[in-house]
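Structure first, then comments.
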Amino acid sequence: MSNITKKVSWSSRGDELGAAGEGTPLLNGSEQPRHSRQVQLSLDYDNIENQLFLEEERRMSFTGFRCLEISRWLICGLIGLLTGLIACVIDIVVEKLAGYKYEAIKQNIERFTEVGGLSISLILWAVLNFSFVMVGSILVAFFEPVAAGSGIPQIKCYLNGVKVPRVVRLKTLVVKVCGVICSVVGGLAVGKEGPMIHSGAVVAAGVSQGRSTTLKKDLMIFEYFRRDTEKRDFVSAGAAAGVSAAFGAPVGGVLFSLEEGASFWNQMLTWRIFFASMISTFTLNFVLSIYHNNTGDLSNPGLINFGRFESENLNYNLYEIPLFIAMGAIGGVLGALFNVLNYWLTIFRIRYVHRPCLQVMEAMLVAAVTATVSFTMIYFSNDCQPLDSEHAEEYPLQLFCADGEYNSMATTFFNTPERSVRSLFHNQPGTWNPLTLGLFTLTYFFLACWTYGLAVSAGVFIPSLLIGAAWGRLCGIWLASIASIWADPGKYALIGAAAQLGGIVRMTLSLTVILVEATGNVTYGLPIMLVLLTAKIVGDYFQEGLYDIHIKLQSVPFLHWEAPATSHWLTAREVMSSPVTCLNRIEKVGTIVDVLSNTSTNHNGFPVVMQPAKLCGLILRSQLIVLLKHKVFVELAGSRLSRRKLQLKDFRDAYPRFPPIQSIHVSQDERECLMDLTEFMNPTPYTVPQETSLPRVFKLFRALGLRHLVVVDDANRVIGLVTRKDLARYHLGKYGLEELHLAQT
């Protein structure tokens with residue numbers, strides 16, 4: 001390994017947390033409870049074509065296959081329906097609770113503006129904020145830490161093939177929905193759109209299995225889909241349905257799943273995911289049309305309503321393209337700054353704010369500070385605008401303005417972030433003065449940076465759009481002051497929003513389509529694409545995207561699309577794990593129990609060999625545990641098989657929570673029995689010669705979604721095993737190829 005420049009660690013927390021006995025930090029910097037400390041396992045997206053699988057396939061008729069295909073479409077429809085309904089619940093509850101909160105504060109401010117004592121209004125605002133946030137944070141920190149954040153990094157890892165513990169459970173969904181309602185109503189610098197992607201993925205994982213392990217309820221349907229391969233495809237559909245519900249962007253949802261997660265893609269899967277996305281948008285529109293007493297009007301977009309960009313003033317010309325690109329570069333720099341600050345803040349949280357009580361206290365502190373900063377900015381602002389029919393503000397605050405005027409700073413702070421974004425996009429020129437927008441951009445930038453990573457369910461999409469819309473509109477005002485040809489600052493608010501969001505999350509293809517669909521105007525497709533591309537290129541020069549940073553901080557073995565560019569000289573022999581624990585085709589039960597009980601290795605895949613060490617198959621830990629549980633033993637060496645005939649259903653019933661080996665009792669007499677693995681092992685596992693280059697190994701592993709790749713010599717003898725962590729630990733850094741230390745898989 002002399003060509004590798006140095007060894008670095010992805011996580012500066014090192015072994016100190018583990019040595020201290022603390023829980024394992026999660027992707028958002030929060031902590032698992034001590035009683036449930038787990039390592040992240042890999043998912044196996046390769047079908048096990050053993051004898052049981054082939055027998056089941058032979059028994060299945062053409063009608064059976066057609067029924068399976070119909071079931072897949074039905075499940076995707078259910079995923080879209082339920083995801084849309086969850087989005088409706090979140091939207092309606094947030095609208096109602098936020099309305100009550102802002103109305104109460106508004107009346108209080110108006111009463112005390114005349115008689116004095118506005119400090120009482122500030123206290124009321126702060127108390128209401130941190131009360132809601134406290135509830136949401138307690139739910140996350142004490143009941144389900146994996147529900148913190150937007151959930152997008154976790155879903156990216158899941159679709160990449162990493163099993164993040166508890167990420168797609170029903171309990172996670174309940175905490176996520178309640179938590180995001182509390183976070184948004186609590187006035188934090190967050191959005192409810194990001195968590196919809198996680199919610200859709202959880203819905204998909206539950207519906208596709210036909211049962212709930214949390215509720216211990218099995219409906220005995222969709223049993224065929226109880227395996228990682230099928231579950232991954234449905235989770236892709238759920239993530240897309242979440243995007244579709246959040247932004248009213250079904251095509252953007254499909255492209256999001258393609259760009260951000262799915263390692264495998266085909267035409268039928270694309271159609272099914274698009275179907276789930278369309279059903280999700282339709283459900284949301286239909287239910288909200290009933291709620292708004294306009295039944296049947298399906299023209300409403302998703303949770304975020306950017307409004308329609310249809311004004312003639314919003315056309316753009318060729319000479320504005322360089323300006324848009326320059327704004328994209330600004331967005332890339334600001335996004336990189338946001339990510340760097342959040343990176344160091346997350347490191348601090350992992351080291352010092354890892355206990356649930358501290359996490360709740362930090363969230364309450366941020367909520368109180370947010371309310372205080374907002375109130376202070378509004379109090380000292382003298383930006384008064386006339387209140388007329390063209391300025392239809394939701395909660396206009398007069399404060400110290402003259403009669404018939406309202407405080408312009410309150411339009412941005414004293415509102416939900418979604419409404420503030422819409423105001424910045426569509427309000428008439430002259431609605432804000434430059435100082436107001438500049439101060440708002442500065443304060444909200446740091447508030448949003450501080451907020452992301454708290455132990456609350458919240459997304460970063462809307463805060464990013466709001467920050468970008470504010471400085472983008474500021475650019476529009478500045479340009480209009482130079483020459484009248486740049487008349488409307490609304491389009492610059494849109495470009496700024498795209499630049500800021502692209503600079504933080506670094507998505508290009510899907511984000512372009514999402515923004516085009518959300519604005520309802522394809523005219524801006526080209527400038528949005530150029531802006532996002534520029535923001536990504538500039539941002540990547542300084543720092544990675546926000547989601548990738550949080551994945552790396554957890555030391556998750558995430559596989560990118562390609563192997564490092566300078567890694568062709570590395571071979572499979574140099575990157576593989578060895579020596580390998582192998583099992584004989586007919587193995588002693590005691591040996592299998594000892595191998596599975598060995599906590600020092602904790603392997604999950606075992607090559608099956610015939611003497612002398614020639615490969616004849618591969619068997620998984622989960623399969624061996626099911627075989628031991630059902631006592632599938634040969635009673636004496638050389639005797640005929642006398643055991644119950646196992647079927648694939650037995651393995652599917654145990655999926656995905658296979659019992660630990662410690663829970664299976666094997667008597668001393670049973671340890672002397674033998675187990676024939678021939679029928680259950682995968683007889684044709686993927687193998688590579690030991691001289692295969694790392695990029696070839698990487699491409700095979702990544703494209704097929706493998707969990708294990710056996711390395712053999714010229715005589716087909718097993719010499720090593722390539723796992724996900726063996727490939728993910730090589731990284732192209734500033735000093736060449738670097739070897740990284742990763743979490744165990």
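Cβ atoms are placed via backbone N, Cα and C, with glycine included.
Those TrEMBL annotations? Automatic predictions, nothing curated.
Annotated in TrEMBL:
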| type | residues | note |
| --- | --- | --- |
| DOMAIN | 681-739 | domain 'CBS' |
| TRANSMEM | 70-94 | transmembrane segment |
| TRANSMEM | 115-143 | transmembrane segment |
| TRANSMEM | 234-257 | transmembrane segment |
| TRANSMEM | 269-291 | transmembrane segment |
| TRANSMEM | 321-345 | transmembrane segment |
| TRANSMEM | 357-380 | transmembrane segment |
| TRANSMEM | 444-471 | transmembrane segment |
| TRANSMEM | 522-542 | transmembrane segment |
Region pair the transmembrane segment (357-380) / the transmembrane segment (522-542), three or more CB pairs under 8 Å: no
Same-chain residues at least 6 beyond the ends of the transmembrane segment (269-291) with CB under 8 Å of its CB atoms are 72-73, 76-77, 79-81, 83-85, 87-88, 91-92, 200, 204, 233, 236-238, 240-245, 248, 250-251, 253-254, 257-258, 262, 297-300, 302-303
Can at least 3 Cβ pairs under 8 A be found between the transmembrane segment (321-345) and the transmembrane segment (70-94), with each pair 6 or more apart in sequence? no
Do we see three or more Cβ pairs under 8 Å linking the transmembrane segment (70-94) and the transmembrane segment (444-471), pairs being at least 6 apart in sequence? no
Secondary structure content, the domain 'CBS' (681-739) (per DSSP, counts of residues): 16 helix, 23 strand, 20 coil
